[in-house]
Amino acid sequence: MADVKKVVLAYSGGLDTSVILKWLQDTYNCEVVTFTADLGQGEEVEPARAKAQALGVKEIYIDDLREEFVRDFVYPMFRANTIYEGEYLLGTSIARPLIAKRLIEIANETGADAISHGATGKGNDQVRFELGAYALKPGVKVIAPWREWDLLSREKLMDYAEKHAIPIERHGKKKSPYSMDANLLHISYEGGVLEDTWTEHEEDMWRWTKSPEAAPDTPTYIELTYQAGDIVAIDGKAMTPAQVLAELNRIGGENGIGRLDIVENRYVGMKSRGCYETPGGTIMLKAHRAIESITLDREVAHLKDELMPKYASLIYNGFWWSPERLMLQQMIDASQANVNGVVRLKLYKGNVIVTGRKSDDSLFDANIATFEEDGGAYNQQDAAGFIKLNALRMRIAAGKGRKLI
């Protein structure tokens, strides 16, 4: 890629991407534009500006994407009750298509002919970033330094930084032993002692949540208001999508909700252990299923459940911008037209317990479902014909002597 003149770098301001910035300048003799996304990771993003300026960067983008992230990515995903391999709420996966989108937008705005990222050659993120980039700008060049250079250890990165006067602190506050990624939906932990699947995670690793043992001894009740499948208010107070998720993170974290320790199957072929804190997302998943339980038609609900694992895999594997994901999203969104109402939850020591749900669009009819006298709302004699018709094929097979036991 000797013809690269300008590169947009997804830049955090940390060691890896600061080294990448200088490496791009030296290796490709190109201009670098930095892009730093505020996705609600809870850290200051402005220091990235000073670091980029110190390395001679002239065009610096620092964007607050919190509302767009939750509104256009997290909320649509939760309309599908999305969960990967039965446990993972896709906190890292769902952030990558937005970052890829913004990288391409900035490349178009600045006339850059390439983008670059700090994802390693072992992980899923390289796939997610690049699939998104190619979908949105087919001819874009992608530079992935971890697949090119020989700086394959933290010590080598530190040595490179010192040699090139990159402003990175070698000493100071103790560095976390984990590789972490955070946004408004979750925080993840990988590496360190977690690479031994038998070793228990350390209590002081967790940053967002209290342990269930340390959570309050009295439950917290909340009410979530839904419109078209999305939460629009907490306890009657209207909030934006990002405000909703931030508040649910706070409440859930206080009550020890949302911790997860799993081994997942990466798209690149290996198994990887990760620990996650997703307090708000854990509450959202439980509540959304509760409001759907009274507002969705049975067959629509079952079809959504059948398609959800495919939808989850598309997001996990980086196919957010694919035609099949977009097609599924249209179906999912259409199913949410009547998913309106209020869900009441009890939060207690790591548990999310549904205690009530109500909706003007509810399909629950107490007159039909009652165990008491229903006044003829449901004719129980109709069940006999229903059962016989459903048994017909099995009765025919049995009549032909087919043995079942």
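Every residue, even glycine, has its Cβ placed from backbone N, Cα and C.
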Further binder of ATP named by Swiss-Prot next to ALA10, TYR11, SER12, GLY13, GLY14, LEU15, ASP16, THR17, SER18, ALA37, taken from the candidates GLY86, GLY91, GLY111, GLY118: GLY118
Same-site L-citrulline binder from SER116, SER188, given that Swiss-Prot records TYR88, SER93, ASN124, ARG128, SER179, GLU264, TYR276: SER188
By Cα-Cα distance, the member of binding-site residues ALA10, GLY14, ASP16, GLY118 nearest ASN124 (L-citrulline binding site): GLY118
Residue, out of the binding-site residues GLY14, GLY118, whose Cβ gathers the largest set of other Cβ atoms within 10 Å: GLY118
Cβ-Cβ neighbours of ASP125 (L-aspartate binding site) (radius 10 Å): 20
Candidate with sparsest Cβ neighbourhood (10 Å radius) among SER179, SER188, the listed binding-site residues: SER179
ASP125 (L-aspartate binding site) and GLU264 (L-citrulline binding site), Cα-Cα, nearest whole angstrom: 14
